[in-house]
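Participant: Pasting a structure here, questions to come.
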Amino acid sequence: MSQIFNFSAGPAMLPAEVMLQAQEEFLQWNGTGVSVMEFSHRDPAYVKMAQEAEQDLRTLLNVPDDYHVLFLQGGGRGQFSAVPQNIAAKTDTVDYLDCGTWSGYAIREAQKYVSQVNVVGAAQQTEQGKRIQPASEWQLSDNARYFHYCPNETVDGIAVHDIPDVNAPIVADMSSNILSEPLDVSRFGVIYAGAQKNIGPSGFAIAIVKQSLLGQPQPEVSSIMDYQLQANDNSMYNTPNTFAWYLSGLVFKWLKRQGGLAGIGQLNHRKASALYDYVDASDFYRNEVHPDYRSIMNVPFQLADSELDKIFLEQAKNAGLVGLKGHRFVGGMRASLYNAMPYEGVEALIDFMREFERTHG
Ligand SMILES: *Cc1c(COP(=O)(O)O)cnc(C)c1O
């Protein structure tokens, strides 16, 4: 079988090395004679693996000691309600920056739990493309319990590259850009991510939570989503997704071998630049995001003639390039270039796009 490059937005490609290791030890994990999926999460061998995964994640992100690292269930969206329920009271005001599709979902969920959800700014169209309103125009509340934003909008391919300079604790939905480049965790109150883009299997989520924000959850918060309770139980209040935790741990070790976030960050910027440069130079393809707000993880692009979309996808698939269909809200194509995508995948995509333009342009 010739090589397949998977550009899916999520669940997304995982490093081949990790998949092979998981395959090799699938039936007999760690000399135990049973699969990691059949193993008690209370067994010292499992606990050791789980703690090592947490430690590797802490090392990769240089997480300060006063932050909990939680391994939770319910994916990225589960955190949309967990955040307000854990760190805001019903009567509080919270600020949300509306960066795009996922921000919208987060805002609507927060409205169920907090009476004042203030949308401080939004994405907007400019002559140079779509961007987020500049910070100088944001209508921040002066008493916000927290400020929420999504630094990488997966559907729209829009990114906020600078951490906002606001007074309230910052909460970030990093589902599609966590671990993609170095990050100063100490600037945040909560960072959360569904796992299926840059970490591991879907349904799993990671939350990095500053201890000082906890202590007064809303009384109705479900126990499995109670940050403090999960922190006290090392994320094992209920049975965790043991396989996802294990696989994520393998991905963290793989990332360390790639030179950590500095190493993978450099590669990610090279991959994205190569594709944007090619798209910008071509009259046949276009990206509609303002150059300063382009995502390095998700690159949407349109063909000059959308009638060709179907043929493009079909021929790309035959060339071993899969998962390129754009989100149904945006149309066109989207190439997701998460950590596991090698540079060769981007080269293969550009070669294919060049040939397609030559034969259909
Ligand atoms: C994928 C995604 C989500 C949703 O994740 P689920 O695991 O499907 O709940 C939330 N936010 C962002 C930015 C995403 O990319």
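Quick reminder: no glycine exception, Cβ is built from N, Cα and C everywhere.
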Participant: If TrEMBL says G76, R77, W102, D173, Q196, N238, T239 bind pyridoxal 5'-phosphate, which of T59, T126, T154 does it name for the same site?
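Facilitator: Record check against TrEMBL: pyridoxal 5'-phosphate site with G76, R77, W102, D173, Q196, N238, T239, extra candidate from T59, T126, T154 is T154.
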Participant: So which of R77, W102, T154, D173, N238, T239, listed as binding-site residues, have a Cβ under 6 Å from an atom of ligand 1?
Facilitator: R77, W102, T154, D173
Participant: Pick the one among the recorded positions R42, R77, K197 whose Cβ has the fewest other Cβ atoms within 10 Å in this structure.
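Facilitator: Fewest other Cβ atoms within 10 Å, among the recorded positions R42, R77, K197, is found for R42.
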Participant: Rounded to the nearest angstrom, how far is the Cα of K197 (N6-(pyridoxal phosphate)lysine) from the Cα of R77 (pyridoxal 5'-phosphate binding site)?
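Facilitator: The separation of the Cα atoms works out to 13 Å.
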Participant: If you measure from the Cα of K197 (N6-(pyridoxal phosphate)lysine), which of the binding-site residues G76, W102, D173, T239 is the nearest?
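Facilitator: That would be G76, the closest of G76, W102, D173, T239 to K197 (N6-(pyridoxal phosphate)lysine).
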Participant: Which one of the binding-site residues (W102, D173, Q196, N238, T239) has its C-beta surrounded by the most other C-beta atoms within 10 angstroms?
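Facilitator: Its Cβ has the most other Cβ atoms within 10 Å: D173.
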Participant: Of the residues named as pyridoxal 5'-phosphate binders, G76, R77, W102, T154, D173, Q196, N238, T239, how far apart in Å are the Cα atoms of the most distant pair?
Facilitator: 30
